[in-house]
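Worksheet: the structure to be examined is printed underneath.
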Amino acid sequence: MGKAKFERTKPHVNIGTIGHVDHGKTTLTAAISKVLADKYPSATNVQRDFASIDSAPEERQRGITINISHVEYETPKRHYAHVDAPGHADYIKNMITGAAQMDGAILVVAATDGPMAQTREHVLLAKQVGVPYLLVALNKSDMVDDEEILELVELEVRELLSSQDFDGDNAPVVQVSGLKALEGDEKWVEQIVKLMEAVDESIPEPVRDKDKPFLMPVEDVFTITGRGTVVTGRAERGTLAINSDVEIVGIRPTVKTTVTGIEMFHKQLDEAWAGENCGLLLRGTKREDVERGQVIVKPGSVTPHTKFEGTAYILSKEEGGRHNPFYGNYRPQFYFRTTDVTGVITLPEGAEMVMPGDTTDMKVELIQPIAMEEGLGFAIREGGRTVGAGTVTKIVK
């Protein structure tokens, strides 16, 4: 069979493996990669072995170092980018900093153990940071001979999903053996195919960035003599046509204006797309009316807020974080998109303090409003140095 041509026409979906550290996430990831490479050879489906996935390269996201592996593969229906964070701490950091946004995830539970404390923690976190869908791979199923035990473990996992408002009743639960599938055992290779069919069917197709309402964080502001004020930045989502109305949101009262010109690399464009760096010429806007940290958005799509609840990972001393704990009423800077705003932290009831290396929930009140929505990431900084990173879980005001 000749090499299949890489088709950009397939829907692209971001997924990941989550679950307890010894339940075989990385082995399963390697097995998916091998089985799909054998069954559907293509430019994308290149087998990745365990070692290459496990020795995850370090990435920096909002000032935090995370080990994370990216594996790419495709089924006949979809193209997938799959993230695997080998260590428990890496997984927690990845989820909270949004280093890899997931459209859905495979919860890996060893049939030999059932759900463990880390399994529960990962499911809770997936809910908090807004992973839309979970399905289950019961790994190491080859090591359990008793059907009843498998049924009990499945029941327990379904209850765990339901307890965090995932669809525990209907989520696919597939018995797999990553190790046996890697060894080429036909029965278990088939189960990996079955798992990927379940992923294709059950993880909803995400709304792509370009189909969402337009948003561009302002990075810089210039005056072009005779033409007016230009704001530059990278469009985060949506598309924007020339002569569209937009709002400038955050930090000061919201203002409406019209985009009379769009430029990219000194070329005039008719529209700006998600992912592009561009300059927008704003009608009748003075240079001092706009500043870095505001966002340019489709009118009515985003509102500014000062109070929110979030979940955050606080860097350990070894990671370059604080050397000592912080208490309630701590006032660091919160870095959203392109700017720092001071905020006051209130800790959850019963929590005296937060130690470096901890994960915590918090309530925050900012001194200036910021354009935000649930799921938005932020860094916590002190004098320009990152001491933590988190995600907005709920907007209060």
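Backbone N, Cα and C atoms are what each Cβ position is placed from, and that goes for glycine too.
Small disclaimer: the values here were computed from a predicted structure and weren't measured.
Reduced to three states, the DSSP call for D22 (GTP binding site) is coil. Within 10 Å of the C-beta atom of D22 (GTP binding site) sit 13 other C-beta atoms, taking all shown protein chains into account. Look at Swiss-Prot and you will find 19-26, 84-88, 139-142 tagged as GTP binding site.
The Mg(2+) binding site feature in Swiss-Prot is assigned to T26; the stated evidence is sequence analysis. Neighbours of T26 (Mg(2+) binding site), defined as other CB atoms within 10 A of its CB across all chains, total 22.
The domain 'tr-type G' annotation in Swiss-Prot covers 10-207.
What Swiss-Prot records for 19-26 is region 'G1', and it gives similarity to another entry as the kind of evidence. Here the region 'G1' (19-26) has long-range neighbours at 50, 53-54, 69, 84, 86-88, 107-110, 113, 115-119, 122, 139-140, 178-179, meaning same-chain residues at least 6 beyond its ends whose C-beta is under 8 angstroms from one of its own.
Within the model, the region 'G4' (139-142) shows a mean pLDDT value of 98, rounded to a whole number. As annotated by Swiss-Prot, region 'G4' applies to 139-142.
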Neighbourhood of K25 (GTP binding site) by C-beta distance under 8 A, where only residues 6 or more apart in the same chain count: T17, I18, G19, D84, P86, V108
Distance [Cα-Cα, Å, rounded] between S141 (GTP binding site) and T26 (Mg(2+) binding site): 16
Entry from the binding-site residues list G19, H88, S141 having the most other CB atoms no farther than 10 A: G19
Surrounding CB atoms that lie within 10 Å of the CB of A85 (GTP binding site), all protein chains: 24
DSSP-derived structure type at A85 (GTP binding site), helix or strand or else coil: coil
